[in-house]
């Protein structure tokens, strides 16, 4: 237990000769530095709160206004309505000081009125979403109203540089759609999935609901939409994520992959060190709010509330419901290597530099100690059933050394897993990239702390990836972090000619501290049960990462179609060929144009998309007819995506109505059937270009290969894709081996075939019309 003794800052003994004090200067210095850092952060947060509170105004304008008011008053002129003179009788005297106080009070009142007028004006302007539906591109046509709107928004928000949370108070609430509009959209979305008899039955169920209990449920939801900041997000987080009792691994967590077309270094410790340093720099930007909020078209802000929980966050298991625990600060990370956990201090007066962190990582890699009993597979508890983990946590990790070590992991900025296997990619051997994705999705089932906001994974050959918990935030936010980490490799000189971190350590970094555990046989039995459950999930999952490099969005742009709509139509065609039928399809879109917005569902399987797919399979349709049907289908998909982003979605509204019905203990046959429909094709596009740091045309290889997730339905597919450049698209396709209806390798071939047929379709169409 030498490590435990070294953690004691001071001790004292009393003898017959007196008393003696022993103390550890290093530990006391760390305590002192931690205190200084904490106060600096408090001061920065206080300053940021003032900045955000007055945005889009400037604090210095108050002092300017006070000076102007005082100048006018003492010059003998009357300030508007002679306010200074009117409040002077309420002062304790008529001296110069009290006149200045009166000028200050008048100025503050006027200033606050102006500030709040600006804030609410900006909020009203941001409620306008007409710009979303107007044409985009080089030849776009914008209405006069939208041009005027853009000009006013630019004037209001452009004269003061925003911080990360500056727009939060100006973002509008997520609007509640009318019940009739949602019913109409829903019925239209399921029309291609139902035959006439079942569709007529669903129309009747919807009508009974809309004219019956739906009215009462809508009233309660209307009250919530006005009382709460966002009528969806808290229930979505609780009921979809935190109340889920199934394992997080594969079922909920998602992963992200390195920029596989670049290979900066093969040294594991060096690559881990630079990635850790990049993550810590990003954390500092978030904590200081120096990270600028993402602005669509450089003007319209997205909600930033999820960013706060990227770091220092863990999901804590409970018997009935989990909870998200976020700590305001952490000066350490936890590193897992060959079954052992190490606490690594990453702050010593400043964030440690990559060369200094590399020393720490190398010390861990060189450590030859063996895992303690039960330590190696401990994290399997976070991969398995949530109830089992909650009981084990309460019984075996609520006191003593186990509690201290568990607290160290959960309170860490994030967790790093140093794997003992390489992450490989070779175009001639696509199965290697599949293994790369599997390692990140689930690893061995016990070498990722699945409860942490994210685990940074480093292969033995220096390639990177991450595994992220989903309840705290969505993939777009984690993608923002990852983009910063990946682009740092291109923008900064990180390595010397030998592949080590550039520069020499300026300070001696703290030695990694091995975490201690005391696990009795009952605890080890609980861990082994979780390992068995995790292995069962791993054995049942299969993953295929298809790299489509025949063409990319460059060709799609020549077709004058949205790349996302184009790819969704390709997925519809591929699924129809794979399954012989249409399926309810989920595509995630964001609602971050509204305060505390998360996601909404786009339903890509539409009347128009099904008509086009059938035309592609029917030889009686001409090329021109197929192209027109595809254009209409893409247009409809784009409208559906825009509706979802603008708060006119279907599924979150129905979900919240269902929650209200459960609170009221009222059964609805319509809601019960809608919420039980399986999403056999669950899709999502991984965003990139959020930082704007790197031009992909100049650095085409500096783009992550995206990431993926497990299937939502037992007999379905999970498909994530990223349009990584003008000529390359990555598809991450998962399915369960226990399903006889699905095969991710077969589906990848169907995607390849669908994309080839679509390209040929447009090439033939252009040739017929004499265009290039």
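Just so it is clear, glycine is given a Cβ too, placed from its N, Cα and C backbone atoms.
TrEMBL tags one of the stretches 59-77, 78-96, 135-153, 154-172 as transmembrane segment, and that stretch is 59-77. As stated in TrEMBL, the feature transmembrane segment covers range 97-122 out of the listed 97-122, 175-200.
Within the same chain, the residues at least 6 positions away from residue 470 (active site, proton acceptor) whose Cβ sits under 8 Å from its Cβ are 241, 248, 252, 253, 254, listed in sequence order.
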